[in-house]
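To start, the structure under review is shown below, and the notes come after it.
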C-alpha cells in the first residue's frame, strides 16, 4: 500500500488532500470479458484518499468518465498545475469527506493511465494487445473494479459515485452487485446511449481510424494517430460544454485581428478556436487512441433497457440512489437522467432526482458549484 | 440563355418543374473583396425557374446554404435520383410558385459547382487559385449576386429568401441593397455566428487542414483531403439534425449484430453510423475542401452587430421581413432568429417572426412541411 496519507498531512493546504500516490493492483486470475475473449490477468492503477475504518464500512468508490483516470484528487507533486479531476468533491471537509470516508478511484480496465488496456503488453505474445484486446463493456469495467474492492477486503461500499461514463458504471454496480453498495450517485449520465451520442462518437472514431498513423491499431505509441485523436477530442469537447456556456466564456472574442489575406486564414483567429486546439493537443499527450476507440464503443453499446423497459434491469437494486442531471447538459440531457429515477421508482426502489441549474453543459458535474456540493454532501451524509 | 422552361413543360409531372438547366453568368469587371484582394472577373453558375415578367417585377432570388448550390429545383435528367435542394418550395403551385414568379438561384462566389472559387483557374497564373483566392465574406457573395441581378435587367427583387448561410445572405441583401428588394425571408439563421457554431466549424477545418492530402490547399482535385472533408461533414451533419430527430429516425437500430471480437469493431454497427458515413463519403464526391474552408470562415466572421447592437445595421432596411425559426434547431436556435426580428422592430421596420415546431433540427427549413409551406406561401403572396 502507498503511504500517501502521511505525506498529505505534512504538505497539504488546509482543506486539501495535498500529495497523493497511485498504487497498482494486480489480479492474476483470468478475466473473461462480457462479449467474449479473455486476458490472463490485469493491473488496475488506483488511488485512495482518507483511511479505511476498522470495520471497513466507510469506502466510497469513484468511477471516472471517458477521459478521466485514477487521479481523482490531490496532487502528485506540489508544483502540479492541476489536482485530480474531482478535487473539488474529494478531500477533508469536502462532500466526499476524507476525514470520514475512504475514497477509492481506479483507472478503468481498458484504460491508458496504468491499468491494463489495448496499449499494454499481451503476455502471450510479448507485444502490445492493440486490437487483440477484447471488446470491453461497462460491465467489464465494473467487474474488474469488483476485484479491486475484494482485494481491499471491503464487502460493502458505503457509496459508488461518478458522472457520464462513470455514471454508467454506477448504474452497472447497482445492478450487478446489489448487495455491495448502500448508496449510488450517478450524475450526468444515461441508461442507454442515444443516437446523437453514438453519432458524435462515430465521427471521432472515423477521424482516428482513417488517420494514416493509426495502422489498424498497431501504431508506435510515440507516433500514433495524433491528428485523428485531437480532432475527435476537439469535437467531443464541444459536446461537454453548452451553447450558453461557450457564449459566456468565449463569445466572438478574437485571438488575432482579422487577417486580411488568405494566408494564415486557417490559423487560430477566435479564442474558442485556440481553446479547442489546446484541448486537442493536450489530450494527445495524455491519452491513447485505441483506449479512446474501445471506451467510446463501450459507451455506445451501453443499454440497460430490456425490451424497451428499464425496470427489468433494476429489479434487484438495493442501493439508495440520487441521480443528478444538469439543465444545460445536452449530451446526456436531464430527461435521460430522470428516466433512470422514474424506472427505479416504478420498481419500488428508493431513488430521487435532482436537477442542477448550471450553464456549463455536460461538464457541470466536474465543476465546483455550491448547489451540487450541498446535494452530494447531504446525500452522502444520510 | 437556357431553354429549360420548354423542356420542363413537355417532361414534367404535374406540379413539378421537371428538367432544368444551369447557365453561366460571366462578369468581366474586376471584383474587389470586402477584406482585401481582387479577381479580374468571375463566373456565377445559376438556374432560373418560371418566366420573368415584362415589367421584371416578379423575380425571387434564392440563396443557398453552406453545402448548397444553384440547383435549387427540378432535375437535370429525368432519371436523377434527387431534384434540386428546395424542390419542395419551388415549382408550379408551390410556395415559390413558378407559374407566377421568376425564381433565380446561383452558386455563391467562392463555390465549387461552377461559380468561381478557390478551385478555379487564376487567369493571372494559369493555375488554380487555391489559397491565393481572396478571403470571401457573406457580403462578397451578395455583391456578386447583385451583378447577376443587374445582368438580368432586374432593378428590384420581389423577394430574397434562404436558410442558414442563405439566410445570412438575405440579411446582407436587406442591408446592402435596401432599395432592391420588397420582401426578405431569412430562415434558420443568425445575425452573428455563435461561439459554439465557430467551434464546430473549427473542428471541421482542423480535420481538413491537418489531412496530409490537403497540401496547404494545393491538392490535386482528384486526390484532395477526402478523409478530413468527410469527417468535417459527418460532424456538421449532426449539427443539422436534432437529438429528438435522430432518436426518432435511428434510435439504437443496428446495421449488424454486435460483433463478438475486436476485429471489425470499428466498422459500421449502428444505423446512425452507416447514415453518417454515407453523408461523409457522398459529400467528398461533390464538394471541394477549399470552398468548405472559405465558406465556413465566411460564416464564422459573419457579425452584423455593431458595438453590441444589431439595430444600427438595420437602419436603412426597407424590405418587409419574415424570419422563420425552428424549435429543434440548435445550430441557429430560435432565439437567434427572434433577435433579428426584435432588432428590426426596434428599428421601426416591418418584420415578423414565425417559429415552426419541427423535430428535424436545423435542416427543418429544407423539409416539406405543411406549416412551413403555408407560412412561406402566405408571406410571398402578400
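Glycine residues also receive a Cβ, built from the backbone N, Cα and C atoms like all the rest.
Owing to the predicted nature of the structure, the values given are computational and were not obtained by experimental measurement.
Quick look at what TrEMBL lists:
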DOMAIN    A:58-343  domain 'AB hydrolase-1'
ACT_SITE  A:164  active site, nucleophile
BINDING   A:233, A:363  substrate binding site
ACT_SITE  A:329  active site
ACT_SITE  A:362  active site
Sorry to bug you, but what's the C-alpha spacing from residue A:362 (active site) to the residue listed as 'active site, nucleophile', rounded to the closest Å?
8
Within the same chain, the residues at least 6 apart in sequence whose Cβ is under 8 angstroms from that of residue A:363 (substrate binding site) are A:240, A:241
Can you check which residues sit near residue A:329 (active site), meaning Cβ under 8 Å from its Cβ, same chain, 6 or more apart in sequence, and list them in order?
A:188, A:242, A:361, A:362, A:364
Which ones in the same chain are close to residue A:233 (substrate binding site), with CB under 8 Å and 6+ residues apart in sequence?
A:67, A:204, A:279, A:280, A:283, A:284, A:287
Work out the three-state DSSP category of residue A:233 (substrate binding site).
helix
Inside 10 Å of the Cβ of the residue listed as 'active site, nucleophile', count up the other Cβ atoms and send me the figure.
27
